[in-house]
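Database features (TrEMBL):
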type	residues	note
DOMAIN	B:5-282	domain 'FAD/NAD(P)-binding'
DOMAIN	B:423-470	domain 'BFD-like [2Fe-2S]-binding'
DOMAIN	B:487-537	domain 'BFD-like [2Fe-2S]-binding'
DOMAIN	B:632-772	domain 'Nitrite/sulphite reductase 4Fe-4S'
BINDING	B:Cys641, B:Cys647, B:Cys681, B:Cys685	[4Fe-4S] cluster binding site
BINDING	B:Cys685	siroheme binding site
Amino acid sequence: MTTWKIICELNDIPRQGARILQRAGMDDVAIFRTAENQVFAVTDRCPHKGGPLSQGMVVGDKVACPLHNWHIDLRSGEAVAPDQGCAARFQVRVEQGQVLMDETELRCGGKA
Amino acid sequence: MKKLRLVLVGNGMAGVRTIEEVLKLTPDLYEITVFGSEPWPNYNRILLSPVLAGEQSLQDIVLNDWDWYKSNGITLRTGTTITKIDRHRREVIADDGSVTPYDRLILATGSIPFMLPVPGRELQGVIAYRDIADTEAMIQAAQQYKHAVVIGGGLLGLEAANGLRQRGMQVSVVHLPGWLMERQLDPVAAGLLQQSLEQKGLHFLLGKNTAALLGNEAGRVRALRFTDDSEVAADLVVMAVGIRPNTALAESAGLHCQRGIVVNDTMQTYDPRIYAVGECVSHRGTAYGLVAPLFDMAKVCANHLAEFGIGRYQGSVTSTKLKVTGIDLFSAGDFMGGEGREEIVLSDPNGGIYKKLVLQNNKLVGACLYGDTADGAWYFRLLREGKDISSIRDQLMFGESSIGDTGHEGHSLAAAMPDTAEVCGCNGVCKGSIVKAIREKGLFTIEDVRKHTKASASCGSCTGLVEQILVSTAGGDYSAAPRKKAMCGCTDLSHAEVRLAIREQHLLSIPDVQKQLQWRSADGCTSCRPALNYYLISTWPHEAKDDPQSRMINERSHANIQKDGTYSVIPRMWGGETSAADLRRIADVVDKYQIPTVKVTGGQRIDLLGVKKADLPAVWEDLGMPCGLAYAKGLRTVKTCVGSEWCRFGTQDSTSMGKQLERALARMYAPHKVKLAVSGCPRNCAEAGIKDVGVIGVDSGWEIYVAGNGGIKTEVAQFLVKVKTAEEVMEYTGAFLQLYRLEAWYLERTVHFVSRVGLDYVKSVILQDAEKRRALYEELLFALSGEADPWHQPQAAHVDTRQFSALTV
């Protein structure tokens, strides 16, 4: 079951930037806001060497990992070819300036 | 929407490459049909020689197998030759009578071998050397017959001769000009080549002109007769005297041809629906027979077909390598020399080594190497880039490793390296994985290899070696040869053009630049955004606003990210001097935040490693010391020795000088990191000789050196000027750094900047023009005035502090 929960305001996330969402006992989630004000969320771990994606540069709807510049497509969580790998992604909704995520999903992982 | 119909005539390397590029850019725009006369999918024609020599098999050289066509939805019609184009109805008609309509047509009909118009050329056993069928005919002939004659001592002819010899035939090479490969080699190198080919068992008949081919009763060739009436026995005659563009189809369709199908810079023929690429083309009066230009053309053609319309083909510079195992030969550019050119020659005929470099106006314009071609790729790079070589002229002949390349000593012969040998020390890539990627993924350019393997993707010092592996694996140097280098994939403009536009059009923000200069991607990329941000704030200080989101993480978080996602914190210690109070505070911070490692850096600072991001603001505050910018493209450190204050040899107070420089230049952003050093005497304990600016105290004043580097390539700094006072040191140093800040490309260190513009230019600005020097120094002081400390004035320094606190569920 999907339970939407308000995480923060859209304006709490810098444009072309990210915020970290901490979860007890599990990997952090990185929540991104693009230049176009779209919001995406993926596990804060690059599939390459575990770099914190939340610290990367956001270009278009991709983020470049700060450690070795792998590009991760925020829509799918997939690494951009020729690199191969995937960061689990999470559902996000933006309503009236609020960022909402699925509590159930946040509790039990994310979709690869 | 109904797809447009794209038809390719010619299933070879240039044509299929174009299709690949089209699919990359626009996978769904076209319904594609490919016609090929040969019964094979696309294969690497250049590697026919190793197949003939028995070193590779036909399977090895297939570039796109049948599945590739299928999985990309391409209709492939092999063994089918197009005989007519009906331009009016937009149809092509094949030799099987079938009619195929097109919206866009690509002609990639390649070239056909030139057959000498001598009597007997229709005899059995007389062939050209062009395709798999010819190669198979030669392999077969080698099993049955003894005597082979190759007419033509060029690249192709020698490779054919060598292959036939490997297969056990007695081979003579007939060549009309006085020396072999006269279009690629000078007479000396050709002589050495001939000698070693003779040792391999080949015979040469130079200066001989073929009059006729003689046959036996069965209609097979049996001998060659020359114009001097002498004869030589031959059961197989291979004609390799040249190729000419195959324009018959285009001509019959009324397309303008002139030693090739004439195309414009977007690869269109005189009928704009019809494109032509590859060896069949005449572009600006030149027809190319090597693969690198063909791939350049394919890129441009695809760009246009994808309706982007921004690429232009402007011709190519090419280089040559002979694929005969055991013979190393390389030539590029104008290797013959002549009037107005200078030559540097190294000749060791007994050792089998000959190298000739041709220079003009301090630039390398040609190279001809025999026996040792390890530096071929490097020379070719210098040649293409038109680099000023005056500063390395005395070492030029001794190759890239002689100019201070560290970390790859002894790894020069790419072909001889074992697969397990490490090529890229940064990313731990060995030769085997590079070769595997090139073969399996069909890579042709150094950029492709970089993307797939990460080899040479970091520090780049192994680029030459990777290029060589590419050459020896894929059979040619495929690296594109752009006249000017585009800043990144988002634009065709170079760094120079972008910098100029920002200044001339008074552009003040990244979106402005992207809009005015027609950036291809809405958001830019990780290469151009940081560069643009730097260009804007350095060109328009206090006017253009810094964009932290366009900076790499270190400059956004004002600390240096480590492999585990923690950060390192390095406070500034002016001139490398510290105090008990500072040390005590550092110790307290280390205890309080349980910082795991404390390390002294090469730049005389103390580095606290393993700080959690959330702790950064508190660590900075507790330290109470200025931000060291140890993570930034900007002033890092000013290293000093103790100087005359303590040292019994010291002649000048280097510590004070260093502190003064560092205080003036702190918080200076630059195209890349900047390191300074001040030594108090010529013993130079502060190692000023390998710094961006090195200042050395002498009894009568200070010597200033610039553009040194202690990094990937150790470069000794060059003497700029000797001055008397500390004030002059400030002014000259500041002016030099401001020149660098304004005119270098982003990520260009001072050493590369100075080597690009020349030390003479730097001197002409800084030394000869006092007014300009003072103006530059003033500009720098203006730019730095009021720069805030990001650790202690985050708001003024545009630090987004939200990053330090995490959200919670």
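Heads up, the Cβ atoms here are built off N, Cα and C, so glycines get one too.
Those TrEMBL annotations? Automatic predictions, nothing curated.
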For the domain 'Nitrite/sulphite reductase 4Fe-4S' (B:632-772): best-contacting stretch of B:5-282, B:423-470, B:487-537, by Cβ pairs under 8 Å: B:487-537
Around the [4Fe-4S] cluster site formed by B:Cys641, B:Cys647, B:Cys681, B:Cys685, which additional residues qualify by having Cβ within 8 Å of the site's Cβ center? B:Val642, B:Gly643, B:Phe649, B:Gly650, B:Ser654, B:Ser679, B:Gly680, B:Arg683, B:Asn684, B:Ala686
How many other Cβ atoms are found within 10 Å of the Cβ atom of B:Cys647 ([4Fe-4S] cluster binding site), counting all protein chains shown? 16
I'd like to know the mean pLDDT over the domain 'BFD-like [2Fe-2S]-binding' (B:423-470). 80
So if I draw a 10 Å sphere around the Cβ of B:Cys685 ([4Fe-4S] cluster binding site), how many other Cβ atoms end up inside it? 18
According to DSSP, how is the domain 'Nitrite/sulphite reductase 4Fe-4S' (B:632-772) divided among helix, strand and coil residues? 55 helix, 35 strand, 51 coil
Could you give me the DSSP helix, strand and coil counts for the domain 'BFD-like [2Fe-2S]-binding' (B:423-470)? 27 helix, 4 strand, 17 coil
For a three-state summary based on DSSP, what are the helix, strand and coil counts in the domain 'BFD-like [2Fe-2S]-binding' (B:487-537)? 27 helix, 0 strand, 24 coil
